[in-house]
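K.L.:
According to Swiss-Prot, the protein carries these features:
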type	residues	note
BINDING	ASN6, ARG17, GLY193, GLY214, HIS215	3-amino-2-oxopropyl phosphate binding site
BINDING	ASP8, HIS9, ARG44, HIS49, THR102	1-deoxy-D-xylulose 5-phosphate binding site
ACT_SITE	HIS42	active site, proton acceptor
ACT_SITE	GLU72	active site, proton acceptor
SITE	GLU153	site 'Transition state stabilizer'
ACT_SITE	HIS192	active site, proton donor
Amino acid sequence: MRLGVNIDHIATLREARKTTEPDPIKGALIAIEAGADQITLHLREDRRHIQDEDLFRLKCELKDTNIPINLEMAPTYEMQNIALEALPNNVTLVPEKRQEITTEGGLDVVSMIDYLKDFIKPIKQQGITVSLFIDPDYEQIDASVEVGADAIEIHTGEYANAYGKNVEKELERIKKAAKYAKEKGLKVYAGHGLTYQNVSEIAKIKEIEELNIGHSIIANAVFLGLYEAVKKMKEIILNARKE
């Protein structure tokens, strides 16, 4: 199972003072040293953390490595143009609202089938893998296949926020969705709200081949250092996978 480390919140810390540190690109290199298989970053329309320059610097820094860049972005034509210029390995389309603190749910692919078909085509033509960040829902999975996505990233936020019996219920939804998506020929990834405490159960789901995790790793990096925080998360994931 691959671990994509999201560097957004290194940039959040930098933007809190509008300064040059901490540098998210330096963070990406440390994460890779510690075992990250991919670097994920979300270029939001409001540029609240990651800036355009970060994406292009990261691309330059990783050009001679085999570490892929996963660009999370809203399905807007401004973002499409940036993706077609930067040419990351992967693009993950996510919903976006300016007032939200973080992404609040999955992309409603069902309601934008025609739009997404046209939107995705030129991105895929450049050899970029396209993933859709969706809720664990059969209808959304079917729509993802219809629009031509290569992969889905299952939104694990409901699972992460669940308590008591609801934890098992949400986990079951994710398991069923992962199995269904795999049967439909999609690659299956997952992410959002995953922590050192709750990641194991998701990592055990054999259909899921990649997890993208950011906030929990960066939060723990404050106390452990980034290298150790990434290493610890990777160990938990790999150990869960062995079970």
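Here the Cβ of each residue, glycine as well, is placed from N, Cα and C on the backbone.
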K.L.:
Since the record lists GLY193, GLY214 as binding-site residues, which of them has the fewest other Cβ atoms within 10 Å of its Cβ?
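P.N.:
So among GLY193, GLY214, the binding-site residues given, the one with the fewest Cβ atoms within 10 Å is GLY193.
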K.L.:
Could you work out which of the recorded positions (ASP8, GLU72, GLU153) has its C-beta surrounded by the smallest number of other C-beta atoms within 10 A?
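P.N.:
Candidates: the recorded positions ASP8, GLU72, GLU153. Fewest Cβ atoms within 10 Å: ASP8.
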K.L.:
In this structure, which of the recorded positions HIS9, HIS42, ARG44, HIS49, HIS215 has the fewest other Cβ atoms within 10 Å of its Cβ?
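P.N.:
Each of the recorded positions HIS9, HIS42, ARG44, HIS49, HIS215 was scored; lowest Cβ tally within 10 Å is HIS215.
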K.L.:
Looking at the recorded positions ARG17, HIS42, HIS49, GLU72, GLY214, whose Cα is closest in space to that of GLU153 (site 'Transition state stabilizer')?
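P.N.:
Nearest candidate: GLU72.
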K.L.:
For ARG44 (1-deoxy-D-xylulose 5-phosphate binding site) and HIS215 (3-amino-2-oxopropyl phosphate binding site), determine the Cα separation and express it in whole Å.
P.N.:
16
K.L.:
Going by C-alpha distance, which of the recorded positions ARG17, HIS42, HIS192, GLY193, GLY214 is nearest to HIS9 (1-deoxy-D-xylulose 5-phosphate binding site)?
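P.N.:
Nearest candidate: GLY214.
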K.L.:
Around ASN6 (3-amino-2-oxopropyl phosphate binding site), which residues of its chain at least 6 apart sit with Cβ under 8 Å of its Cβ?
P.N.:
THR40, LEU41, HIS42, GLU72, GLY191, ASN212, ILE213, GLY214, HIS215, ILE217
K.L.:
Given the recorded positions ARG17, HIS192, GLY193, which lie close to HIS49 (1-deoxy-D-xylulose 5-phosphate binding site), meaning Cα to Cα within 10 A?
P.N.:
none
K.L.:
Across all the protein chains here, work out how many other Cβ atoms are within 10 Å of the Cβ of the residue listed as 'active site, proton donor'.
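P.N.:
Counting Cβ neighbours of the residue listed as 'active site, proton donor' within 10 Å gives 26.
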K.L.:
Could you state, as a whole number of Å, the largest distance between Cα atoms of any two of ASN6, ARG17, GLY193, GLY214, HIS215, the listed 3-amino-2-oxopropyl phosphate binders?
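P.N.:
Max Cα-Cα spread across the 3-amino-2-oxopropyl phosphate binders: 25 Å.
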K.L.:
Which of the three DSSP-derived classes (helix, strand, coil) applies to GLU72 (active site, proton acceptor)?
P.N.:
strand
K.L.:
Reported as an integer number of Å, what is the Cα distance between GLY193 (3-amino-2-oxopropyl phosphate binding site) and ASP8 (1-deoxy-D-xylulose 5-phosphate binding site)?
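P.N.:
GLY193 (3-amino-2-oxopropyl phosphate binding site) and ASP8 (1-deoxy-D-xylulose 5-phosphate binding site) have their Cα atoms 14 Å apart.
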